[in-house]
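This report refers to the structure that appears directly beneath it.
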Amino acid sequence: MHFTCCFHHPNIPVSESTAKKQAMESGEPSKKSSFQLQNQPPPRPFSIKSIIFVASIAAGIQFGWALQLSLLTPYVQLLGIPHKWASLIWLCGPISGMLVQPIVGYHSDRCTSRFGRRRPFIAAGAVLVATAVVLIGFAADLGYLFGDNLATETKPRAIVVFVIGFWILDVANNMLQGPCRALLADISGNSQKKTRTANAFFSFFMAVGNVLGFAAGSYTHLHNIFPFTTTKACDVYCANLKSCFFFSILLLLTLTTIALTNVHEKPWSPEPGNAGNLGGGEIDDEEAAAAETAPVPFFGEIFGALKDLKRPMWILLAVTCLNWIAWFPFLLFDTDWMGREVYGGDSQGNILVLKLYNNGVHAGALGLMLNSVVLGFTSLGVELLARGVGGVNRLWGIVNFLLAVCLAMTVLVTKLAESSRRFITVDGVTVPLPPPAGVKAGALSLFAVLGVPLAITYSIPFAMASIFSSSSGAGQGLSLGVLNLAIVIPQILVSLGSGPFDAIFGGGNLPAFVLGAIAAAASGTFALTLLPSLPPDVPAAKTVTAGFH
């Protein structure tokens, strides 16, 4: 006997035959939500070791992201990319996330490869990342090979190679993350605890990747390990970037190989009566006919998925969207805030002011390292924290208020830095001195404390989306792709609007941070008052699909 769970009454099982009977009596045809798969493989329990193997891929992914954040901006300037183009290049991440993750998620839900549904996409994504990293690292060399003049500031051929590699890298990273999280949900079965634990491990390994990436980016002698990286077109900084990326490729391919070798998926087939049947029971003629119908094209499927979403998933998307509107101003401009507002430097000033700004940026990098350490430890304690406060939705709400307080505190730290700032005159030019130790400590403390809400942001929303989609029969890949829309759309809005918004209030980063604090408070309020609690774990043998409708 199969049972379905409705979100309005999560604790009351309704038999599938009764639901069909009611539908027939009401004259409405029995139909599947476009968010559902007709046949999904039965949940199969995997060990924690298997979950850790898959989650560890996040360390390889995040290693590359951390290198992008810490090293690629100066590299862009080395190639001579105009500033107005640089912002368009960085928009690749959210744009590819908006398109690639739902598309890959959709097709990974329906992949019939003998290697499984998710593993082919994860393997392809890892290979693409390696290819993209080689293109980026050797952009200057390839540009010179194709005819760039080293004496000119702008190197157009190197820029073309770099942009191609950069876009491939962002597409490949998004191609990796979606199937990785979907595979974690698959191998967690119907256990909500395992699903939450799997996403917590993913968050933990993201922190590990961050720490490794920031540490590698801050070490300036890695190029000595690979002497061939220093060439006529590639100086020491460029060679160091190449060396970091070599380690990034090695780490990602090693972790991916270990995971895909040790974790095997059962091949999935949409044909009725096969091993992909949800509960192992028989499929009636109506269901068999539905399974054999032509699939809806992807965009029709995803629009149908959005149309079929009910209140719990919409609230999850709204809370996630507000949460990321709060996060992105800080994630984009945190080191700039340290260099400009806290240290009083300026990226466009004289050499002394520029040096002060760079010192602030390096202090911000240290703050990001502290943030990643706290993120890692908090990720391991998410389950304990959730039990302590009475549920994951409460935990998410509470840490959103913590995020709001931290973002608001940036105003206080800035005002303290300004009020305590001292100046000296060097060669007739008045320049500020670095801030007092207390101001530095306060700023670094904010970075560290923000690791707590960031750990929750990296784990709980994805776990809730996986649990909601499991209860509804939705494909994990498409469900997580839809959730990703609530992340990348705010990122695009913040990337395009933060500059003009800050300019309205006289420039600086504080206006965007204050807006983020307001968004975080709204996200916390919705999480505490509107976001439904998760339904209790249901035994796998009695779980079957029910749409969001």
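Even glycines carry a Cβ here, placed using N, Cα and C.
Noted in TrEMBL for the protein shown:
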REGION    17-41  region 'Disordered'
COMPBIAS  18-31  compositional bias 'Basic and acidic residues'
TRANSMEM  46-67  transmembrane segment
TRANSMEM  87-108  transmembrane segment
TRANSMEM  120-146  transmembrane segment
TRANSMEM  158-176  transmembrane segment
TRANSMEM  197-219  transmembrane segment
TRANSMEM  239-260  transmembrane segment
TRANSMEM  313-333  transmembrane segment
TRANSMEM  363-386  transmembrane segment
TRANSMEM  398-417  transmembrane segment
TRANSMEM  437-465  transmembrane segment
TRANSMEM  477-498  transmembrane segment
TRANSMEM  510-531  transmembrane segment
What same-chain residues lie close to the transmembrane segment (398-417): Cβ under 8 Å, and 6 or more beyond its ends?
323, 326-327, 330, 337, 341-344, 389, 435, 438-439, 442-443, 446, 449-450, 452-453, 456-457, 509-510, 513-514, 516-518, 520-521, 523-524, 527-528
Given pairs 6 or more apart, does the transmembrane segment (510-531) have at least three Cβ pairs under 8 Å with the transmembrane segment (313-333)?
yes
Would the transmembrane segment (239-260) and the transmembrane segment (46-67) count as touching if the test is at least 3 Cβ pairs under 8 Å, pairs 6 or more apart?
yes
May I ask you to check whether the transmembrane segment (437-465) and the transmembrane segment (120-146) make contact, with contact taken as at least three Cβ pairs under 8 Å and only pairs 6 or more apart in sequence counted?
no
Comparing 46-67, 158-176, 197-219, 313-333 for Cβ pairs under 8 Å with the transmembrane segment (363-386), the winner is 197-219
By a Cβ-Cβ criterion of under 8 Å, what residues six or more beyond either terminus of the transmembrane segment (46-67) are in contact with it?
122, 126, 129, 133, 169, 173, 176-177, 180, 183-184, 187-189, 194, 197-198, 201-210, 212-214, 216-217, 241, 244-245, 247-248, 251-256, 258-259, 262-263
Could you give the residue numbers and ranges of same-chain residues that sit at least 6 residues beyond the transmembrane segment (313-333) on either side and whose C-beta is under 8 angstroms from one of its C-beta atoms?
396, 400, 403-404, 407, 410, 450, 454, 457, 461, 464-465, 468, 482-483, 485-487, 489-491, 493-495, 498, 509, 512-513, 515-517, 519-520, 522-523, 526-527, 530-532, 548
